[in-house]
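Taken from TrEMBL as is:
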| type | residues | note |
| --- | --- | --- |
| REPEAT | 47-88 | repeat 'WD' |
| REPEAT | 89-130 | repeat 'WD' |
| REPEAT | 131-172 | repeat 'WD' |
| REPEAT | 200-241 | repeat 'WD' |
| REPEAT | 244-285 | repeat 'WD' |
| DOMAIN | 340-582 | domain 'COPA/B second beta-propeller' |
| DOMAIN | 625-769 | domain 'COPA/B TPR' |
| DOMAIN | 812-1195 | domain 'Coatomer alpha subunit C-terminal' |
């Protein structure tokens, strides 16, 4: 059995596969119906309107419907797209056992404990026939897949076959009046729609299930007499063919496999049995330890089965469907239907070569698993699971053999794997001795080599590639050395490139790309199972999953090439054609479009001439391609694929192409885009574009500030007049402040009614005439001003007035001028304005005497005649710039602003959710937030030095010249020269798990020698370092969790021991702390020392019973030191002579407890406590909200109530 999917739930009573999608319905005894995607392993939906167990469920073959029947006597028809029940069919008077849709007609058949079978029309929502005849519960009723028959099984020990042909004729409109008349007579005189055709009697107990064969006139049934019976029928009669015995309890379900000549049954004896339908013998049995099986389901088109049991369901296959094959040059050798076949790629000719031996056993899954070919000797090695793993060696004859010819006797042997390693030598893995046996073509052992690491499979790699439990390694058979190894989860298939320079290691859900020395390049993870793969001529790995053909570039980038209807296995790739084998062993050429991954590969390898050629000639488009180019730092390339103006605008800003950005902004003409254009132009120092953008958005405040910093005082004074016309007091005041015009500021303050401020301004700047006039107006309310020397608030004059700021002179980009300019129209428009002076684009006329006029007058050219507007009022909302103000032109000289890259530390922070990598990037705040959210840590004082060490350790610093600043360089983890400069690896970290192991050993040593203060310091260091450790595998995660528990126990114990030594005058408390120390989870030598210590303290205090308890526990550890054993036995003897405790302790060794980490008192089972979210130390409830005294990091604030045991 090959289990594909498994669920844990309530008892599953009904199952149904969807005919097209990878879905399965499971109806539960709890009343819930679950819809699962068995390929992804996810729960899609759940339906829970039934009251009580749901025993039957079935998908419609073509409509988005399924039907269910339950113990509430209801049949419900559901639409899974609408996620609701459409209607309910009522009529049955007892539990409904099964429901099923008809494959053609709009019918549902249902079986019930009311001893009837009902056929319903789900379109008219009515019952169209009731089949009566059984005199006990009807356990099952199913339509025949092709004919007008229904089979039913009942606890009355019979199987009945019903003919529903009349019912079908009744539902079809009669073609003539005579047929219509006969039908009316039949209805009037009580015609029967369904009649019993056969009654099959032979079971001794109630029958639980019966089902038809998909094509043959056979029926199979299973009953409470523990037997499976096969029945044959013809037009006249039906009879029992054979009985299959083997189940040890009631047979709950049985059916024919849809694609193989086998019968599958399951039973309440907790087993699934597979039977040969032809030989009528048992093939295989699969058992569960605790779960009874209730239902079976068979996929209508695929080789999939499902079984429901007491605690869930399993989806499984009985045999592997992947053909064994080997590629050699232009040829493919593969096994199909017990024959070795040869396929030539160039002619696409398929030839049968020779038959291969059939396995002697009757068990399943004994077919060929792998195939290895030696082209020089024309020899084939075929490995299978026969006899626990064996191989067969065939020499291919020059002429093909037909079925009538005699078969050559293959050379056979036992071995886990076998593969050719030389022209006439092959290697066989002997698992029992962990040796590789090298044999010649006579099947004689030539050489033996012991493997350094236990391996369970071997593959060809020039030498040998061996698969161990969690890694693969290359073993040289000549030198008997390991040439390279790589950590990898269970590798199923190994695919080498044609030049043997690259290898792909295929696991169930991942692909690892490495070089010939197993140096890791990249890892790719898939949610759907990886099935096969092959390298193309460009060094791109093409692979298939269950649903897609995909590609993987050398840097780990991947994408989808094509969607698959059925899984295929890639054998060879020629250009844009993929040759593959399907599950039926047929060779299929599949044409693909390789443009996308070739384009990405060219970018990766910096073949920019190929990139430019593909841009000109290919139809590359789509958001995925655009986002990829952005991600890889080529927004200027992405710009040439985009026609959407908004996307073009964003890409133009990102690549610094102001010309295209201006053209797109004019097309979009939205305030936000003009604002962003102004920001980018300001960053580049292109003041003309900035001014133009501010004009288009009528952003007068920013425009005024721009004139200030560029020193354009003429336009700044005109902006002040515009503000006055607009009645914008603050704008007018700011402009006056920028200009240093004190009298204008005083005038504005007076008009606004701020006379004291106007007085202070005039007095400060020595304008005595104005001061006297304002003093009269203030009438004695004159403010007191400090007597200080004052100066005008005038901004300094800019160094460079007008024009653009100087730009950095850089080389042209790699694509500059080589690509067709998409924004050509925009550029021609700018060429017309080539001689324009940037400082004169917004020529603001004198508006000194403008009154009641449109503000647009202020923005007209000087030569334009002024228009009079006699209609009073301000029309400030319709400010329009004149049409003849030409758009400024971006600088076209050899100045190009380089694209600012993102700092490496920022990339680390964006890509990672690990606190250690955030600390390494120097972003301590987010690191602390992550630790608080993930581990509940709130006290970061102990981690300060570790944060600094991480940050300093992940950077290096270079000084080029004495006068230049120090350059900081980021140090990346796993960096190699072949890595892409555009892909940043995570930071190198100064802390790792192996360091903690060394510290743990040092801590153990300090504890053994009694240096408790030093040991406590080392253990706390480990506890503080663990949150900043990055682990690479699931096994290391478990080890880190285990390490936290170990260290926590030692910290708590050592704290109690040091506390005990401080209490000189409290012998009772000393005994308690010594006793509690023995209940910490310590290593065996330290536990013996703690028990010895507690025994000594209690014995000296006169608590002999307690001391004897510690002595017995000490003897149970089998101490290696003779004096410990002798002392313990002496204490027990002394206690037996005087069984008493002189003082009462708060210690009950019979009642399990944990020790509070703050108060050092026992918390017995059943008492409430609070737990540290990081180290899992326990505390009494009164400590809630306090800082954990064990780890000194986290705050516990949740009360945990233990469950009753």
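Glycine too: its Cβ is placed from the backbone N, Cα and C atoms.
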**OP:** Over the span of the repeat 'WD' (200-241), count residues by DSSP class, listing helix, strand and coil in order.
**Re:** 0 helix, 25 strand, 17 coil
Original post:
If you average pLDDT over the domain 'COPA/B TPR' (625-769), what do you get?
Top reply: 80
Original post:
How about the repeat 'WD' (131-172) and the repeat 'WD' (200-241): do they have 3 or more C-beta pairs under 8 A, pairs 6 or more apart in sequence?
Top reply: yes
Subject >> Contacting positions for the repeat 'WD' (244-285) when only residues 6+ beyond its ends and CB under 8 Å are counted >> reply: 1, 205, 208-214, 218, 220-224, 226-230, 291-296, 298-303, 305, 307, 309, 318-319, 362-364
Subject >> Per-state residue totals over the repeat 'WD' (89-130) - DSSP helix, strand, coil >> reply: 0 helix, 25 strand, 17 coil
**OP:** Pull the DSSP breakdown for the repeat 'WD' (131-172) and write it out as helix, strand, coil residue counts.
**Re:** 7 helix, 20 strand, 15 coil
Original post:
Counting each residue once, how many in the domain 'COPA/B TPR' (625-769) are helix, strand and coil under DSSP?
Top reply: 118 helix, 0 strand, 27 coil
